[in-house]
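J.: Pasting a structure below so you can have a look.
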Amino acid sequence: MTNIRKTHPLLKIVNHSLIDLPAPSNISAWWNFGSLLGLCLLIQILTGLFLAMHYTSDTATAFSSVTHICRDVNYGWLIRYLHANGASMFFICLYMHVGRGIYYGSYTYLETWNIGIILLFAVMATAFMGYVLPWGQMSFWGATVITNLLSAIPYIGTTLVEWIWGGFSVDKATLTRFFAFHFILPFIIAALVMIHLLFLHETGSNNPSGIPSDSDKIPFHPYYTIKDLLGFLSLILLLLLLVLFSPDLLGDPDNYTPANPLNTPPHIKPEWYFLFAYAILRSIPNKLGGVLALVMSILILAIIPLLHMSKQRSMMFRPVSQALFWVLVADLLTLTWIGGQPVEHPFITIGQVASVLYFSIILILMPLASLIENKILKW
């Protein structure tokens, strides 16, 4: 009799995705981040569900309901900090995953890559709206500043902002709708993840060499199930270290002050994972220009496949491109640092230089390096 996992309509899908899936024999730890993102999403949905049981999305009670969760609910503090720091782990894995895609040329799987970009936008939107929910000072002012950016859109801007706010400022209506969206989006993300995997399994995984590996495949189980499990344990260990020893390390102390529309915090800044984009936004002294640069800082990922000039897929054997890639990483770290600094000399100039460099590397220097490397191949 044939094994049930190969015949049952539902188990067959699981089998072809997680058990008998042919996988390249040489994929490194950089290929662990996809499954880690799945784990992060699961952690966020579960902790978020339990938080939603005790949270109230009303301006009068939102802040105190979060306090109530931390003080009075059994292990509420643990659930809350797992959720808050889980978001940080989510973004660490996301950026590593995208970086891996750029380094090893995984963006040549166009459908998978484009769904991935949509996923990135969806996760960023979810994280932003989640940050508003505790209704602290940084929640309120962060929401005010970021939603206000839409007013830079010509003609419809102001109307659009008031429509999103549900009034003439960030208030009750805004908080309630942000909670609704924050609750529904992770499930939409989960559906998009399924599509992401569907497209990936059409082509199979890429590998570090960038060379087709059809002649050398191994079954996903047990080789990569055990490898993913090791990744899971590492991620959970790191998350628990963060949650149990320094839960507020990555947060802003201003968010422990209840939201007050009459008192602006001296430095309005988003969570650390948005600082690089925030720095790019602030580098341009024009509102609409800044907003366009902000959107393009992520949307530029969609252009990367079009700029692939190399005869090789991966950067594994391309030292010039490798050097540029790591300069790009350093540049993003610089932007992250600048995003958290006040708008004054010398930070303004550093931010502007780093922003120009960010776009230059991706749009100009990397394609040029690829062409140079193609020439070197002929020597």
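For all residues, glycine too, the Cβ spot is worked out from N, Cα and C.
Checked Swiss-Prot, it gives:
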type: TRANSMEM; residues: 33-53; note: transmembrane segment
type: TRANSMEM; residues: 77-98; note: transmembrane segment
type: BINDING; residues: His83, His182; note: heme b b562 binding site
type: BINDING; residues: His97, His196; note: heme b b566 binding site
type: TRANSMEM; residues: 113-133; note: transmembrane segment
type: TRANSMEM; residues: 178-198; note: transmembrane segment
type: BINDING; residues: His201; note: ubiquinone binding site
type: TRANSMEM; residues: 226-246; note: transmembrane segment
type: TRANSMEM; residues: 288-308; note: transmembrane segment
type: TRANSMEM; residues: 320-340; note: transmembrane segment
type: TRANSMEM; residues: 347-367; note: transmembrane segment
J.: List the Cα distance (Å, whole number) between His97 (heme b b566 binding site) and His83 (heme b b562 binding site).
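T.: So the Cα of His83 (heme b b562 binding site) lies 21 Å away from that of His97 (heme b b566 binding site).
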J.: Counting only residues 6+ away from its ends, which parts of the chain sit with a Cβ under 8 Å from the transmembrane segment (226-246)?
T.: 29, 32-33, 35-36, 39-40, 43, 78, 81-82, 85-86, 88-89, 93
J.: Is the number of Cβ-Cβ pairs under 8 Å between the transmembrane segment (288-308) and the transmembrane segment (113-133) three or more, considering only pairs separated by 6 or more positions?
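T.: Contact confirmed: at least 3 Cβ pairs fall under 8 Å.
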J.: In Å, rounded, how far does the Cα of His182 (heme b b562 binding site) sit from the Cα of the residue listed as 'ubiquinone binding site'?
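T.: One finds 29 Å between the Cα atoms of these residues.
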J.: Tell me which residues of the chain lie with their Cβ under 8 angstroms from that of His201 (ubiquinone binding site), as long as they are six or more apart in sequence?
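T.: In sequence order, the residues whose Cβ lies under 8 Å from that of His201 (ubiquinone binding site) (at least 6 apart) are His16, Ser17, Leu21.
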J.: Give me the count of other Cβ atoms within 10 A of the Cβ belonging to His83 (heme b b562 binding site).
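T.: Looking across every protein chain shown, the total is 21.
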J.: Between His196 (heme b b566 binding site) and His83 (heme b b562 binding site), how many Å separate their Cα atoms?
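T.: The separation of the Cα atoms works out to 24 Å.
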J.: With a Cβ cut-off under 8 Å, give me the same-chain residues at least six positions beyond the ends of the transmembrane segment (347-367) that come close to it.
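T.: Result: 279-280, 282-284, 293, 296-297, 300, 303-304, 307-309, 321, 324-325, 327-328, 331-332, 334-335, 338-339, 341.
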J.: Taking the Cβ of His97 (heme b b566 binding site) as the centre, how many other Cβ atoms fall within a 10 Å radius?
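T.: Looking across every protein chain shown, the total is 20.
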J.: How many other Cβ atoms sit within 10 Å of the Cβ of His182 (heme b b562 binding site)?
T.: 21
J.: I'd like the Cβ neighbour count for His196 (heme b b566 binding site), meaning other Cβ atoms within 10 Å of its Cβ, all protein chains included.
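T.: There are 21 such Cβ atoms around His196 (heme b b566 binding site).
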